[in-house]
Amino acid sequence: MLQQYTLLLIYLSVATAKTITGVFNSFNSLTWSNAATYNYKGPGTPTWNAVLGWSLDGTSASPGDTFTLNMPCVFKFTTSQTSVDLTAHGVKYATCQFQAGEEFMTFSTLTCTVSNTLTPSIKALGTVTLPLAFNVGGTGSSVDLEDSKCFTAGTNTVTFNDGGKKISINVDFERSNVDPKGYLTDSRVIPSLNKVSTLFVAPQCANGYTSGTMGFANTYGDVQIDCSNIHVGITKGLNDWNYPVSSESFSYTKTCSSNGIFITYKNVPAGYRPFVDAYISATDVNSYTLSYANEYTCAGGYWQRAPFTLRWTGYRNSDAGSNGIVIVATTRTVTDSTTAVTTLPFDPNRDKTKTIEILKPIPTTTITTSYVGVTTSYSTKTAPIGETATVIVDIPYHTTTTVTSKWTGTITSTTTHTNPTDSIDTVIVQVPSPNPTVTTTEYWSQSFATTTTITGPPGNTDTVLIREPPNHTVTTTEYWSESYTTTSTFTAPPGGTDSVIIKEPPNPTVTTTEYWSESYTTTSTFTAPPGGTDSVIIKEPPNHTVTTTEYWSQSYTTTTTVTAPPGGTDTVLVREPPNHTVTTTEYWSQSYTTTTTVIAPPGGTDSVIIREPPNPTVTTTEYWSQSYATTTTITAPPGETDTVLIREPPNHTVTTTEYWSQSYATTTTITAPPGETDTVLIREPPNHTVTTTEYWSQSFATTTTVTAPPGGTDTVIIREPPNHTVTTTEYWSQSYATTTTITAPPGETDTVLIREPPNHTVTTTEYWSQSYATTTTIIAPPGETDTVLIREPPNPTVTTTEYWSQSYTTATTVTAPPGGTDTVIIYDTMSSSEISSFSRPHYTNHTTLWSTTWVIETKTITETSCEGDKGCSWVSVSTRIVTIPNNIETPMVTNTVDSTTTESTSQSPSGIFSESGVSVETESSTVTTAQTNPSVPTTESEVVFTTKGNNENGPYESPSTNVKSSMDENSEFTTSTAASTSTDIENETIATTGSVEASSPIISSSADETTTVTTTAESTSVIEQPTNNNGGGKAPSATSSPSTTTTANNDSVITGTTSTNQSQSQSQYNSDTQQTTLSQQMTSSLVSLHMLTTFDGSGSVIQHSTWLCGLITLLSLFI
């Protein structure tokens, strides 16, 4: 039951809701507040605050009733609210929804619904404030083009309507202060779409545009173009706010993507300007940046290119609100006969409710009676207050008498005659009684028909006379086979068509062919009157015609047509006498002179128009004694200066005193144009001003000026709302963190910049299963440690097995840098018998001479001599050897260049000194090369082995081998070198001595050179050649640490690498050379001796030199 009752109430409320009008009854004010930083008070610049008066009467309005305020030319409501309540003393009496027109309608509406708080005893009234922006155009849409004509700069009347109730107010709109001749841009937020409509109008070209490119694109990736909502057109004009008022199509090419919209156009006529607009979506519609393309060529001008970038910011929304008072109506019954209204005392400063008392008379009930008579009578039965009185109304009525008569009309008519003095009225009824009718039809000479009725007296016969024009006649002539002519006439009824048929014998025929203007052939037969000759006309399309007009010396015009055969081309030759020429000189606005010849049609007059730039004008104004003004213009020839002489009577003078910004007083006389009033302006220094800017809690800014007395100090107090803050964190090169606050101007956004020191970085290299390398950087939060993870593919592995003196086996893995080759060295043990049988170290050269390839080698040898307190001196010799393998892979010295440097100092250079005070350092260097023939030296070597420790077999001596050189005829001297080498490997010592004699074509010296070489090693393991790794660093040598001391000025014998470093050894071998043993190093060092020395297990030295010497000697003949 309760549910049914509720549904019934809902049904009744819906059924009884209605539309009411006139609620908004006044337009109280329309004021502008600058919601951003606009430079002028235009209708489309937010925010315009409209204050409207409203009134709701509970006796005529009910809950659920609706009313609507239409607001023409309003674009949107500049508020984040979707509705506003009509309230009085905090009570809501209606709710109004905002419906913005935006780009969809030329008007906005406020649709309101009455609340349940309104009762019949309440009348609420008040005001509502609506923040809004008007629509005066901004795009090429039909809505904006229509609204672009809503207002003009200056005084306008703004009118809203609530049903039939119109409310209006006058307001002044300021014109845009942007120069309309330049490029024009505009952006406008569309709140319902959360998009922005952006407009770009090209700069003005008064004579039109030859070509151009225009458009806009996002700058920082925070904007997207909506290519489905674009307008491109040319406008004939702009309104006072620089918006198009029309849009016409023209020829252009459009390119659009989400990043930008661009158009390229050509040939825009004078008086028009191209424009493009589009919807854009921005990350923040209140702050975004656009880059504009702006290229154009004005007709008769040069190509212009002026791109630019604009940053757009939004405006501050306002709030809508309402307030009012409540009026309570009370009713009281009185004994008066009429209703009266009275207002009880009301103090608006103290009372919140105004009470209106309605004084009503005692209610009555009316009873109506009737009687036969003439007058109406009233009688009242009274009653006390609280009851109902009775009013009796006695209404008269009449009786009727009917009279019937006949008449000649065709209908029956009834007429009632009311008797004002009696109760009996008369009803007259007229019944039709027609006469019999006779109709007569006759023809007459007129071209139209008439009908005339002649009415006889009642009871006689009426006559209807119809007069018809004669029938039309159609004459048909046809041929028949007879040789004579016949004529037959067929008469039709009146109004029809009579037919006359003439039958003729056939005519003879003549055929004629002619040309006509159509592109096809027709055949027409023209039948002549009987007895004549019929014509058959064949019309052929004409030949094409070429017309040539030329001028000739005669004074008359001739036209000659040369007819070609059918299907060819006819030629029309027009010869015209030359036209007369009229030359006109005129001035124009440009700074240069042009001559234009306008060719008239033949027989006309050609015009030569010379346009000259206007002469500069010098105007001289002088006063004279007369009371009137005169102006005299003295015109000079073109290119000179015109003079305008103005003579004026003296002006009246007015003196004005004002303040200005300087600290001193001045008197200035401003001379007005003649006939006006001159002004004497006295400027006094103003009071000093102190400006104070402070922030407050409100969302808007205010400026208050406190003016002090003259000579005091004025105060300007600016109160700004607090700025928004954006915090940015970035890294910098310092080791500490800083926080900087950049305060923007009021109304913008402050920036808090946090600078953090860079994080420490830990690099980790690991191997993985892939065949390629990757580098991944893991960024940690500020103050922590970043990680660089390098993943390398696994290195290939080489396994080497060696024997050592320990009793156990071990394996060592030498990991190369990524991209190199890892080495696994297995150290295996040997039995006691194997150790005793292996009493001498056995060195075997596994690399023969012809399998070693040296490409480039550079060596520097330094001799240092120190004598007591006299200091030291040294000589540096650098040698570069370039070898090229032949077809049997035997290295051959192709050129050698030595450079010698001698220096001395009181301090000895760094290095290792022998007992004799001589030191050698070797390093790589690059010198200039020159070709020379190598020599074959004579070599004597002696090798002595001395063993200590477990091996007691004593020294061994090898036989000497002498190799005599085949001396060159140009050899001037020989160099004898004695070498002594000592090697200490664990408990064994190997000493090698030798003497070398060789010729040298490079060093001119008569003194023999002596070289001592000492090498020490601390391990019996194989000495590995140090190589450069792929990364450019040095690879560590094996367990050996050789040290060499050499004395030499020139050394063409020892080419192995020596080092003064006790822990590392350097080598100049190529990185791809195989590992060598000590014996291999010695072999390599003796290459230039053209001999091979091999150490065997017994301590002997096997020297192979004879065949090698002969081979190199033979090869040297071809170098």
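Glycine is no exception: its Cβ is also placed from the backbone N, Cα and C atoms.
Some features that Swiss-Prot has for this protein:
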{"type": "COMPBIAS", "residues": "894-929", "note": "compositional bias 'Low complexity'"}
{"type": "COMPBIAS", "residues": "930-941", "note": "compositional bias 'Polar residues'"}
{"type": "COMPBIAS", "residues": "947-965", "note": "compositional bias 'Polar residues'"}
{"type": "COMPBIAS", "residues": "974-983", "note": "compositional bias 'Low complexity'"}
{"type": "COMPBIAS", "residues": "998-1022", "note": "compositional bias 'Low complexity'"}
{"type": "COMPBIAS", "residues": "1035-1048", "note": "compositional bias 'Low complexity'"}
{"type": "COMPBIAS", "residues": "1057-1077", "note": "compositional bias 'Low complexity'"}
{"type": "LIPID", "residues": "Ser1098", "note": "GPI-anchor amidated serine"}
{"type": "REPEAT", "residues": "401-432", "note": "repeat 'ALS 2'"}
{"type": "REPEAT", "residues": "510-541", "note": "repeat 'ALS 5'"}
{"type": "REPEAT", "residues": "726-757", "note": "repeat 'ALS 11'"}
DSSP helix/strand/coil residue counts for the repeat 'ALS 5' (510-541): 0 helix, 18 strand, 14 coil
DSSP-assigned states of the repeat 'ALS 11' (726-757) in counts, ordered helix, strand, coil: 0 helix, 19 strand, 13 coil
Average model confidence [pLDDT] within the repeat 'ALS 2' (401-432): 82
Within the repeat 'ALS 2' (401-432), residues counted as helix, strand or coil by DSSP: 0 helix, 21 strand, 11 coil
